[in-house]
Amino acid sequence: MSIDTLATDQTTHLPVASAPVPAALVAERVSAWFGDHQVLSEVDLVMAAGKVTALIGPSGCGKSTFLRILNRMHELVPGASLAGQVLLDGQDIYDPALRPIESRRRIGMVFQKANPFPTMSIYDNVLSGLALTGRKGRRATSEHDELVERSLRRAGLWDEVKTRLGTPGASLSGGQQQRLCIARALAVQPDVLLMDEPCSALDPTSTRRVEETIREVAGEVTVVIVTHNMQQAHRVSDHCAFFLAAEGQPGHIVEQGPTEAIFERPQDQRTNDYVNGRFG
Amino acid sequence: MSTTLTPESQSSGPEEADGPVLDRPIYTDVARTPRRTPAPRVRTGGVTPELVLHLVSAFAGSMALTWLVYERLVPVAGAMGFWLCWYVTFLVMLAAVSATTLDRMSVIDRVVGAVVTTCGLLLVGALVGIVVFTALRGKDALGHWNFYHQTTAFIGPDASLDQGGIYAAMIGTLEQVAISVAVSVPLGIATAVYLSEVRGKLARLVRSVVEAMSAVPTIVAGLFIYSMLILKFGQERSGFAASLALCVSMIPVVTTTAEVVLRLVPGGLREASLALGTTQWQTVRRVVLPTARPGLITAVLLGVARVIGETSPVLLVAGSTSELNYDPMHGPQLSLPLFVFNQMRLPLDEAIQRAFGAAVVLLVLVVFFFAMARILGGRPPGRLSRRQQRRLSGRFAAPTAEGTL
């Protein structure tokens with residue numbers, strides 16, 4: 001490849017800073033199994049573009065499995081299978097013509113446990129999405145620097161790390177590592193960001209920073225968050241879906257709707273009990 | 001307690017607390033209260049005078065008793081028996097003495113502790129003994145400069161130590177081990193990646209084969225290469241053939257160790273990488289292998305350690321010579337273990353001293369390799385290179401400080 005084509009490659013493939021368009025994510029009749037054990041049954045959920053959707057419910061009701069189905073991480077577990085459709089802007093991400101890595105590039109994920117790459121610096125961690133997908137190019141450019149700064153600012157981490165971008169990502173505190181993971185996920189400019197209990201291991205201050213980050217990126221990115229913290233769901237989300245699994249039964253959505261409605265006027269007694277902390 | 005108590009947690013009340021109910025917090029901010037003399041540090045664990053007393057008394061008592069029985073009462077002799085009897089008596093006495101102040105479980109704990117410590121000391125002692133013994137026997141040969149840059153090609157077996165040396169053997173060992181590493185490490189690590197990352201249908205079969213391979217006696221590996229390469233394909237005996245024979249021993253060691261190391265890489269890192277939309281190969285190359293790098297270096301080291309002293313496969317396929325041969329592809333080539341073996345068979349003091357000298361050089365070589373690999377592989381991960389750091393610090397006008405850590 002010549003220098004010229006390399007250069008154009010970089011400019012065309014680097015995510016553009018302006019006008020990222022959030023996309024709606026629609027799950028239709030999603031069921032999931034681990035081997036013969038069904039964990040989700042017939043879940044329908046619309047995750048509106050640019051809004052924050054919270055998935056709440058007690059442990060073991062299939063929230064995380066559902067979240068992992070949304071960017072094709074579920075199938076990485078040996079023996080896992082699923083049914084139904086997940087539509088991103090009207091296109092099924094499980095369409096056989098679409099490769100999983102293309103869906104995963106558009107639908108980013110932040111995990112329960114902060115997992116920055118231990119062999120990379122803070123700087124390289126942020127850019128790892130580009131480097132790993134071969135979109136970074138060989139030469140370091142000022143575009144990369146700008147992308148790193150922008151992503152870290154959006155994740156609310158820039159001021160804390162701007163003087164030590166060259167140090168290992170693992171040298172940060174737990175809360176900072178989690179925000180680094182958010183910056184890493186945002187750097188590839190995803191349309192959707194999935195978060196699997198991102199604050200369950202964080203202290204209240206870090207949790208507040210992450211929640212501020214979620215509120216800031218909402219609008220540009222569609223956010224789906226699994227949380228066990230009712231106050232958090234109340235604070236950050238626009239929509240809520242309450243998952244529940246009866247003893248030995250697969251999980252399903254009991255009730256969904258605007259967050260205010262779920263918390264103030266739940267239609268189902270079980271939802272009422274759960275959001276008010278009477279069980280779970 | 002955190003300073004950001006929420007209303008809920010305050011209302012859930014002091015009446016549940018076990019201690020006395022306080023109506024306000026006690027002020028214990030060390031930074032603002034007047035300085036006091038620091039409290040003395042508490043000694044925890046370690047050796048207590050009582051333990052020393054018990055050990056010394058058990059040692060003296062068992063020594064005296066064993067001496068009395070062994071030398072005065074029973075008509076047997078022999079150092080081995082004496083020390084065995086002494087050790088058993090020592091353990092019994094230690095238990096008895098300890099029982100005067102400790103309960104049963106603590107006595108057992110102390111006796112087991114003594115046994116384990118003894119095993120450790122014995123092992124270290126044996127290792128030191130081997131090294132010191134080899135060095136002492138070889139020191140006459142090692143003292144001569146010619147030992148390092150001459151060969152034994154044109155001297156008689158009874159030549160004095162200021163003639164001849166191990167240069168040819170060193171060259172042979174270095175070349176053969178280098179070829180073995182070049183063949184085995186890529187193969188071994190690729191197999192490990194297959195077993196732990198790809199997990200194909202054949203993984204179980206491959207794992208069984210690798211395990212079986214590690215149980216193959218090295219002489220059989222030598223015979224295999226001999227019958228295949230030399231008898232079947234008509235190759236001459238050479239250093240390269242010896243390297244291939246060494247590979248048979250080295251590949252399973254590298255593979256099994258590398259697989260264990262790759263499995264230790266947290267699954268969360270693989271998921272994080274895949275969730276960014278990467279292919280499996282990129283995940284393996286940029287995330288899994290770099291994260292496992294220190295362990296992979298250990299895998300290579302274990303492989304080298306396994307083969308560098310191998311004699312039997314080399315004996316069959318490397319040919320017999322005492323001349324210098326730089327070319328591993330053609331003609332017989334000497335190596336250090338082979339040199340030791342050849343010299344040891346000669347009934348001459350000088351030859352045996354040369355053998356021990358070569359053994360010491362082999363030991364030093366192994367230590368050197370290990371040190372090199374640790375230095376090369378031990379670079380702290382996750383830092384930018386110097387050039388990247390300079391560029392960044394220029395751009396953001398702030399030091400990307402090494403000192404902030």
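Each residue, glycine too, has its Cβ placed from N, Cα and C.
What TrEMBL lists as compositional bias 'Polar residues' is B:1-13.
For B:384-393, the entry in TrEMBL reads compositional bias 'Basic residues'.
The domain 'ABC transmembrane type-1' annotation in TrEMBL covers B:170-373.
According to TrEMBL, the feature region 'Disordered' maps to B:1-22 (among others).
The region 'Disordered' annotation in TrEMBL covers B:382-405 (among others).
The feature transmembrane segment is assigned by TrEMBL to B:51-70 (among others).
Under the heading transmembrane segment, TrEMBL lists B:76-99 (among others).
Marked as transmembrane segment by TrEMBL: B:111-136 (among others). Same-chain residues lying 6+ beyond the ends of the transmembrane segment (B:111-136) with a Cβ under 8 Å from its Cβ atoms: 87, 91, 94-95, 98, 356, 359-360, 363.
Per TrEMBL, the feature transmembrane segment maps to B:177-196 (among others).
The annotation transmembrane segment is assigned in TrEMBL to B:208-229 (among others).
Annotation comment: TrEMBL describes B:241-266 (among others) as transmembrane segment.
For B:287-308 (among others), the entry in TrEMBL reads transmembrane segment. Under 8 Å from some Cβ of the transmembrane segment (B:287-308) lie the Cβ atoms of residues 173, 177, 180-181, 184-185, 188-189, 192-193, 197, 246, 249-251, 253-254, 257-258, 260-262, 264-265, 269-270, 272-273, 337, 362, 365-366, 369-370, 373-374, 376-378, 381, all in the same chain and six or more residues away from its ends.
What TrEMBL records for B:355-377 (among others) is transmembrane segment.
Most Cβ pairs under 8 Å with the transmembrane segment (B:208-229) belong to B:241-266, among the candidate stretches B:177-196, B:241-266, B:355-377. Long-range contacts of the transmembrane segment (B:355-377) within the same chain, counting only residues at least 6 positions beyond its ends with a Cβ under 8 Å from a Cβ of the stretch, are 131, 134-135, 137-142, 147, 166, 169-170, 173, 293-294, 297, 300-301, 304-305, 308-309, 336-337, 339-340, 343-344.
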